[in-house]
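To keep things clear, I will list the structure first and then write my remarks on it.
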Amino acid sequence: MVKQTIQIFARVKPTVRKQQQGIYSIDEDEKLTPSLEIILPRDLADGFVNNKRESYRFKFQRIFDQDAKQETIFENIAKPVAESVLAGYNGTIFAYGQTGSGKTFTITGGAERYSDRGIIPRTLSYIFEQLQKDSSKIYTTHISYLEIYNECGYDLLDPRHEASSLEDLPKVTVLEDPDQNIHLKNLSLHQATTEEEALNLLFLGDTNRMIAETPMNQASTRSHCIFTIHLSSKEPGSATVRHAKLHLVDLAGSERVAKTGVGGQLLTEAKYINLSLHYLEQVIIALSEKHRSHIPYRNSMMTSVLRDSLGGNCMTTMIATLSLEKRNIDESISTCRFAQRVALIKNEAVLNEEIDPKLMIIRLQKEIQELKDELAIVTGEQRTEALTEAELLQLEKLITSFLEDQDPENKLEVGADMRKIHHCFHYLKKLLHDKKIHRQSTAPSENKDQNCQEPLKEEEYKKLRDILQQRDNEINILVNMLKKEKKKAQDALHLSSMDRSELRLCQSSPFPPGNPDGPKTLPLSAPTQALDSSTSPYRSSLLHRKTGMREEMSLGRQEAFEIFKRDHADSVTIEDNKQILKQRFSEAKALGESINEARSKIGRLKEEITQRHVQQVALGISENIPVPSVPDQLEEKLRSQLEEEKRRYKMMFARLKALKVEIEHLQLLMDKAKVKLQKEFEAWWAEEATSLQVNLPAVTASNHMKPFPQMSEAQHERSQPLSNKSDVYARKILPSPGPLLRSQGQSSPATPVEDSIPERPVSSVPLTGDSQTDSDILAFIKARQNILQRTGFQ
Ligand code: ADP
Ligand code: MG
């Protein structure tokens, strides 16, 4: 923070006539503060001024006499201010003095010679020169130019060049925010990147000012002009921006109306011609007096705009311009008195810094990128948001080899990359999950490669035994169901004609019945397709979507479910609803088409009516007949058709709406019924499984066939082609698992598992005699065998 009183300077304008000497003297003793003495000429002292004093002495920072060059003025007055603005402080230079004392000459300059350039062009030149020199910061410069006349603000940088009077310029108003900051609405800010651009703006403003001036408004004497350079600076990469403003102010003429009393006596009070200068003085008086809490800035636009410059955050300088001619003595004294007061005002200039959030984001983004780059250098790999396909593949390979490696010391090394570590965990989880599902649902496909593996541990035996039991139950439930199916089919055979029966058989199996060269293996779903060909993928997927259950079912259960569904009472309801839904859909479709037709018909009718109408009017005009009072019949007909069509349209639309409601309702009902069906199936399945567990040993006991000798794969395959005869039951079913047998008290819990299981009596499955069905059963049996082989039972 820089605390400073407003600096005051005096500049004396060169006088035309040389005889004015002796009116003033300048005392510039180096040790003392320079002072200006104004000496009253004898004739004035006698007649005009009624006190006895003959001279007045005023102190200034510096006094520039008549011969002071513009260059000197700039160097001594403006340059220090410009420097503090470049450093980030606000600055103001204002010229105060009576009309013709040289304010404009000092601030803007003379129009004739280049050397007469005033403070504004020289400051611009200096600032841009400094900006160019300083590469440590990034600068932005904007220019605004405001004229205040009669308490109204005008934007002098209006680029339209259309102003012929001040009133044509955009009006600027003062706004104050809750923090008492002043904002100038409508004052345009123009960026200037070079001195030339800035000078062009000064020229534009001065031209506008000149054009707008008329002898009537005497703008140049009665208005204030504020040329402002807005400078922003920031260091590269920094988000902190410094803002500084430099106001270069050419005030209105300070002349007052001297009130003379009776007898030509000068009264103590002389009034400003310019009201806002009066308010400026009020502000200055208030500021110069101690303990004044209220400063009347708001009284005028000018004091509002210059609020910071007067007793605020600014380094302010005043130039008192004096035209020390005999006739101007009183005004010159007033100017100097004013300056003395101003010199008492203390300002506190602070650096105006703020953090630009946009720049902050950019800076942080840059920092992140740099860190990423650094990381890339350290790790030797470039990281993006997500892992690439190649990286994912590589990781999965690593995981696979890690899992396959028997060495317990083996480590999974993916480097210090959280993305990779996370992916490893996800992948491992997925593998674990897949394996679980795989074990539950695809036990039949357990491959024989497992045979050569070491015997599994106790708990794995238990798990496998459980799965085995589940499969046994599934097989038995399926076999029972298939038997029923077979019976049904046979009954149907008796009832229907031979031809139809053959046709159906051909459809259900690609192989003719009894063909000894029939399939060695068949797809598991083939019997289901034959039994329930109506199962559509749409329905199953819909059900799955609603229940989330189907996908978890083993294939055996799925088959059973399809049959269960077909025989369930609710399936009739579902089917019925499906049919109704179909009907409603097609009805809605047809209705939609009719509605579209009606709509276009309405459009056509409207068009026809308009045309007819136009024709009638045209006819009337061409034949000079007034519009007939009797309505046109054709038009009437078209209109009634239109009405009828509209009615139809409305009716159909209402029906369609109702249909939509119905369709949605039906869909909901169906979904509900499907969920219910699924639940009932689950219950039935569980029940069936339990009853099998109870009954199976009895069955196995009654069919106690000798265990088949162990079959090789080839032998097993050879045994698969089955005859069509239903009495071929001689198929080996391997022992039921331990828990089942233990529940029957046939096995001592103490008996080692390895020894006890293979000794159990086999359970046989009576085959159906249908080659396709039997093959499926055998597929289950084969899978079961595989499990047993894995467990080392065989
Ligand atoms: P103000 O703006 O205070 O009314 P001006 O700046 O217009 O006064 O000055 C009035 C006249 O005096 C102008 O013609 C101007 O060129 C001239 N003038 C003012 N100061 C000087 C100076 N220091 N040297 C030469 N001519 C000057
Ligand atoms: Mg002027």
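Every residue, even glycine, has its Cβ placed from backbone N, Cα and C.
What TrEMBL annotates here:
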type	residues	note
BINDING	G97, Q98, T99, G100, S101, G102, K103, T104	ATP binding site
COILED	639-676	coiled coil
COMPBIAS	446-456	compositional bias 'Basic and acidic residues'
COMPBIAS	526-539	compositional bias 'Polar residues'
DOMAIN	5-345	domain 'Kinesin motor'
REGION	437-456	region 'Disordered'
REGION	507-540	region 'Disordered'
REGION	733-772	region 'Disordered'
Candidate with the highest Cβ count within 10 Å, taken from the binding-site residues Q98, T99, S101, T104: S101
Close-lying binding-site residues around ligand 1 among Q98, G102, K103, where CB distance stays under 6 Å: G102, K103
Contacting binding-site residues, sequence order - T99, K103, T104 vs ligand 2, Cβ under 6 Å: K103, T104
Most Cβ neighbours inside 10 Å, all chains, among the binding-site residues G97, G100, G102: G97
Any further residue of that chain within 8 Å (Cβ to the Cβ centroid of G97, Q98, T99, G100, S101, G102, K103, T104) of the recorded ATP site: K13, A95, F105, G253, T321, S323
Three-class DSSP secondary structure - T99 (ATP binding site): coil
DSSP-derived structure type at T104 (ATP binding site), helix or strand or else coil: helix
Same-chain residues at least 6 apart in sequence whose Cβ lies under 8 Å from K103 (ATP binding site): A95, Y96, G97, D250, L251, G253, I319, T321
